[in-house]
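Accompanying notes for the structure given below.
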Amino acid sequence: MDHLLSLLIFLPLLVAAIILAVPSRFIKAIKLLTLGAAAAVLVLSLMTWFSFNPSQPAYQFVEKADWFGLQLSSFGYFQVQYFLGVDGLSIAMVLLTGIVGVIGVLSSWNLQTKNPKGYFALYLLLLASVMGCFLALDMFLFYLFFEFMLLPMYFLIGIWGGPRREYAAIKFFLYTLVGSLFILIVMIGLYTSVIDPIATAARAGLSANQNATQFLLQTGKLASENLVHTFSIPAMTEAANYIPGSMLHLLSDREIFGYPARLLAFLVLFAGFAIKIPVVPVHTWLPDAHVEAPTPISVMLAAVLLKVGAYGLFRIAFPVFPEAAVYFSSFIAGLGVLSILYGAFCALAMSDLKKLIAYSSVSHMGFVLLGLASFTTEGVSGAIYQLFSHGLISAMLFLVVGVLYDRYHNRQISGFRGLASALPAFTFFVVVAFFASLGLPGLSGFIAELLVLLGAFTSASANGLLSRWFAVLAAFGILLGAAYYLWALQRMFFGKFWIKPELQTGTTPQDLTAREYFMLVPLAILILAFGIFPHLLLDKVSPAAAGFVNTMLSEGKTNLPEMLNLLP
Amino acid sequence: MGLLLVPFVSFLILFFFGRKLPSQGDWLATLTGGISFILSFVIFTQIWTGTPQHFRWTWFSLGETTKTLDFSAGILLDNLAAVMLVLVTFISLLIQVFSIAYMHGDKHYSRYFAYLGLFTAAMISIILADNLLLLFMGWELVGFASYLLIGFWFEKKAAAKASLKAFLINRLGDVGLLLGLFGLYALFQTFDLTELNNSFSAQNPTISTYLTLIGLGLFCGCIGKSAQFPLQVWLPDAMQGPTPVSALIHAATMVAAGVYLLARCYAFFTPDALLIIAIIGTLTALSGGLAALFQHDIKRILAYSTISQLGFMVMGMGTGNPEASLFHLITHAFFKAALFLIAGIVIHAMHQGLNALPYHEEVDRQDIRNMGGLRRILPITFIAYLLAFGGIVGLPFFSGFLSKDAILSGAWAWAESKNNRLYFLIPDIGFISVLLTAFYMTRQLLFVFFGKFRLNLDPKTLRHSIRNEASVLMLIPVVLLALLSLASFFAVNPFNAASGWLYGGNQLMPQLPNMLLRAIAENHEIHVYTAFLSTTLALAGIAFAWFKYRNLELKIGRVASAYSAEPLNPIARFTFRQFYLNELYRFAFIKPALKLGKTVAFFDKKVIDGLLHFFGMIAVVGAKIIGWFDRIFIDGFVNLLAWFSGSLGKMGRNLQGGELQSYYLYALLGLMLVVLSILVL
């Protein structure tokens, strides 16, 4: 399989195209096609997962081809590549997308859709573009997929959503569009500053190797029309590939508003991804989008789409600007802790169960930021673990809310009491999901949060970046997490069975159906498995995390003084 | 390992298939309980005189292949673990047997046994853990299992609330524990207990505030789980669970974990940390004793007494005598389990008797004012109660005497070794607690077993059947446990604990140079003195209660709800309401937290979204203005231009009228203009 990664992206796209050709009265066929595509993606992602070799630090399954290029006279050569690859950071995300993709289709099965054809085609488009984001190693390609995610999401919320769907869809769209804009600005800046050394050497007719070309570049011996500008992310992470005197060169003394250009560029890029994660205070699109989105789309949104923002930090913002990331580590960790506590307090105040869970997502994604900013192997591994684990857990959480909503068309906490007596099997999965989310040992969330907090705590002695107070404050997040979940549990599920009179359907409520079991049981098993056997994931992920930490710290700490020296 | 799995497998099977098993799987739970106990006993016989065993393997590792951070998992079997194993599995087994009769006919009978299995498994994993991370996991699982069991009758609102409270308060302590673990990890890069102990004894790290803080962090876990002051408020509410569960929580599984943690981490505490531990323990012993004085609920009295006894254990830890604490933990486990199970028998009997009454729903089955004279109706239970009573009060020849005495003489010697009289407050308050214990236990004894039965029904109906006072399945565990309150099981000489097998030979914690213990053994005077004093105080407490409650003026037939719910005396009410700690927490923490949540949500909705909408509005208004501008000015300009060129064209057309004269005129005018312009410029 030479084109495993391409298949992961194009298979769902192809099926989406086929679905458009199927007459819309064959609903069953459309559903089966979608399910088949999602299942095939899962199989492919599993194949990638199992053949991935964690001990090899380089990108694997690389596919690289010139896509298009332009000679822009003296400015140089404009190069865009079709460049895919996975490493320890992305492999976990690929697997997660594969798993959640199938769950999402299953949960769409009985959705009362106005236009199933459009819905499932858009769903597959969404799946493909998310996958593309995780696989792209060319920033242009990444940006393309990143923008492409918006389109199906906008329509999926705006057409198939709840009562306030237009508002939520527009809010989501505008928020993320602003984020994309930030990313675009920095992308252009990077593009003007970075060259591809090998392509440049070929173009200039030099027989020099990569290092020699980089040397020639840094000493100004390359003619500017021969420079091949690139969007390649690996090229952007090497300081030697930056054109001397360009905007984002390490030793460029350009300042914007009195800030070194690189620091500012990092902040802008960070802001772009932070909106997607989302980080407090740019998170308010999330609760609205979740509340209005249909269940499967909420699942996709929480489990996979939010991860793209954090993944962008891992893949692009941090490695491209290591010194800025180190410089701002306390700021980022502070935002992480703020998100953890702010999200948790908001969740405590919510009266809508789905909104409560949406805010808990904000809180849990704060752990990712904190772990990332700790620059320790524990913290970064924990952050990736949290991405994966939160993907599974939040999928389950939104599914159980969906189960309730399907029965009563209501999600108000005050509308129900004592559901445990009426729906025991359902309650079992609610308890599993809630306790997984609040970090009970033996379930995957515990390992993630433990490692993040451990990393944040040891950062003070390991690399001196973060104060211990960040970990201390964040640890109270796990107390608050227990508070809002158990309180909701007590109010909705315990006590004598009672439902608000206007919600009563007259029939005895049905406990879980076979299809619902089919979605919830695998998730519960996965959550348990990754809670008891963390090495399943960590063996693949943590070498990359350690490598990430090492390069970030060594480059960040050497680059930062050099850059700051230039300032007056 | 198998030991851990047995109850856990029982949990899984019972949880998922329990209802389908014959008699809902109670036999399976008891069988696995029995197997666990036998295994524990075998382990115990091998370890106690042999060498400690340590098995470990890598659980998961972080980092690159060349340089990894390993997180290990393993089992550490030393004397401490072996004794605790026997204790936990034995008491769990007895409670399972008891529960067969007690929980008979419950809707979720098999689930109950499943939860019990989980509870025991979690506790065993705490005991066996060779590293603190694993211990923490077991620790949280114990919390989870207790959440399930306390809230077992989840349809009762109070039970649901109590389980929430227990879990949250435990979590609060766990946050501290977790931070303490992180502190140790940051120093030594390991969670492994053996390695930590080695590095502490080898490097002798300088005693610093940092280490003290780590110690206090670890102790926070104990404050939460072992219900120490000021977090003890969850334990009395945990009574909402079934009574055998209370016995399990109070004796073997949950609250014992905190003390066990202190013993496991004993080497990591600095003197400052130990002093704080001693103070907290003493406060707990006193506050638990005070709160128990005027309670009416049979289980509540026992719950407060547990708090008080746990305070004793923690005090022993803080005053440098961990072995005495552990000894008390074990003796206490037996007599407290016995007392709770006896309470269970009494409640069960009351329940049975009351079902015959028409107004039985209103009558509180657990209020001791509704009981009385039960010694004639439940004689075996009564005798068992007397044995356990001797244990908890600390009368000579009973186990509690030995262990309390060990703690108190340790505390006394500790205070003597300091150069400040204030230190004597700690053993002094300990002695006061002995007095309090004797008082409230005697009060309970008199209310429940003496006098006449105070409800309007034939006390005979309380018996299980005419021949048996209670089910045999309930009586056997109680009798066994009560017998174990006798001192002779622990020491040959009932006045000297040091002569016993458990406490004497420095067996439990051989890694500690137990200087203090040796000091006490040499200084026989302290020992005799404390033994005498505590016995006197215990007798005084009994006598005081005897004279106060001997002639109870409670009317027969008047149910307890007719009396005022709280003592009228303000001081008594203050202790009755547990010093208003619950109210304080509600006012100082819970309400502000909820309020903060509301505020933050408001901020989210109004300020952040408000700003967003404001900007959105500006954008829309701006767009409208631009649209208007576009229409009026830009389009207008274009229109103007069009109009202008149109007019110009019209003008031009007029000019080109075709008349020669006019052309001439224009040419002349033009020439004049040219000449004029040349002249002017």
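From the backbone N, Cα and C atoms, a Cβ is placed for every residue, glycine too.
The transmembrane segment annotation in TrEMBL covers A:6-23 (among others).
Sequence annotations record features per position, and here TrEMBL assigns transmembrane segment to A:32-52 (among others). Through the fold, the transmembrane segment (A:32-52) approaches residues 1, 4-5, 7-8, 11-12, 15-16, 18-19, 22, 60-61, 86, 91, 94-95, 97-99, 101-102, 104-106, 108, 120, 123-124, 127, 131, 540 of its own chain, all at least 6 residues removed from its boundaries and within a Cβ separation under 8 Å.
Look at TrEMBL and you will find A:73-131 tagged as domain 'NADH:ubiquinone oxidoreductase chain 4 N-terminal'.
Same-chain residues lying 6 or more positions outside the transmembrane segment (A:82-106) and placing a CB less than 8 Å from one of its CB atoms are 5-6, 8-9, 12, 31, 34-35, 38-39, 41-46, 48-49, 52, 54, 57-67, 120, 123, 127, 130-131, 134-138, 141, 232, 296-297, 299-300, 303-304, 307, 311, 314-315, 384, 387-388, 391-392, 395, 399, 515, 518-519, 522-523, 526, 537, 540-545, 547-548. Residues annotated as transmembrane segment in TrEMBL: A:82-106 (among others).
What TrEMBL lists as transmembrane segment is A:118-137 (among others). Packing against the transmembrane segment (A:118-137) from elsewhere in the chain are residues 5, 8-13, 15-16, 19-20, 30-31, 33-34, 37-38, 41, 59, 62, 83-86, 90, 93-94, 97, 101, 104-105, 108, 111, 144-146, 148-149, 151-153, 155-156, 159-160, 232-234, 296, 300, 304-305, 308, 311-312: each is 6 or more residues past its ends and has a CB under 8 Å from a CB in it.
TrEMBL lists A:136-193 (among others) with the feature domain 'NADH:quinone oxidoreductase/Mrp antiporter transmembrane'.
If you look up TrEMBL, you'll see A:143-160 (among others) marked as transmembrane segment.
What TrEMBL records for A:172-191 (among others) is transmembrane segment.
Sequence annotations record features per position, and here TrEMBL assigns domain 'NADH:quinone oxidoreductase/Mrp antiporter transmembrane' to A:210-465 (among others).
The annotation transmembrane segment is assigned in TrEMBL to A:263-286 (among others).
Annotation comment: TrEMBL describes A:298-318 (among others) as transmembrane segment.
When Cβ-Cβ distances below 8 Å are used as the criterion, the transmembrane segment (A:324-349) is approached by residues 262-263, 265-267, 270, 274, 279-280, 283, 317-318, 356-357, 359-375, 456, 465-467, 470, 473-474, 476-477, 480-481, 483-484, 487, 552-553, 556-557, 560 of the same chain, each at least six residues removed from its ends. Per TrEMBL, transmembrane segment is recorded for A:324-349 (among others).
Residues 88-89, 92-93, 95-96, 99-100, 103, 107, 290, 295-296, 298-299, 302-304, 307, 310-311, 314, 353-354, 357, 360-361, 364-365, 367-372, 410-411, 416, 419, 426, 429-430, 432-434, 436-437, 443-445, 447-449, 451-452, 455, 512, 516, 519-520, 523-524, 526-527, 530, 534, 537-538, 541, 545 of the same chain, all 6+ positions outside the transmembrane segment (A:383-404), place their C-beta atoms under 8 angstroms from a C-beta of that stretch. The transmembrane segment annotation in TrEMBL covers A:383-404 (among others).
Feature annotation from TrEMBL assigns transmembrane segment to A:442-462 (among others).
Away from its own ends, the transmembrane segment (A:469-487) comes close to residues 330, 333-334, 336-337, 340-341, 344-345, 347-348, 350, 356, 360, 363, 366-367, 370, 434-435, 437-439, 449, 452-454, 456-457 of its chain (Cβ-Cβ under 8 Å, at least six residues beyond either end). Under the heading transmembrane segment, TrEMBL lists A:469-487 (among others).
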Taking pairs 6 or more apart in sequence, does the count of Cβ pairs under 8 Å between the transmembrane segment (A:298-318) and the transmembrane segment (A:6-23) hit 3 or more?
no
Is it the case that the transmembrane segment (A:172-191) and the transmembrane segment (A:143-160) touch, counting contact as three or more CB pairs under 8 Å in which the residues of each pair are 6 or more positions apart?
yes
Please indicate, using numbers and ranges, the residues of the same chain that are 6 or more beyond the transmembrane segment (A:143-160) and have a C-beta under 8 Å from a C-beta there.
111, 113-115, 118-119, 122-123, 125-126, 129-130, 132-133, 136, 166, 168-170, 172-173, 176-177, 180, 183-184, 187, 289, 292-294, 297, 301, 305, 308, 312
Chain residues outside the transmembrane segment (A:442-462) and at least six past its termini with a C-beta under 8 angstroms from it
333, 364, 367-368, 370-371, 373-383, 385-386, 388-390, 392-393, 432, 435-436, 468, 470-472, 474-475, 478, 526-532, 534
Roughly where does the domain 'NADH:ubiquinone oxidoreductase chain 4 N-terminal' (A:73-131) sit in mean pLDDT, to the nearest integer?
87
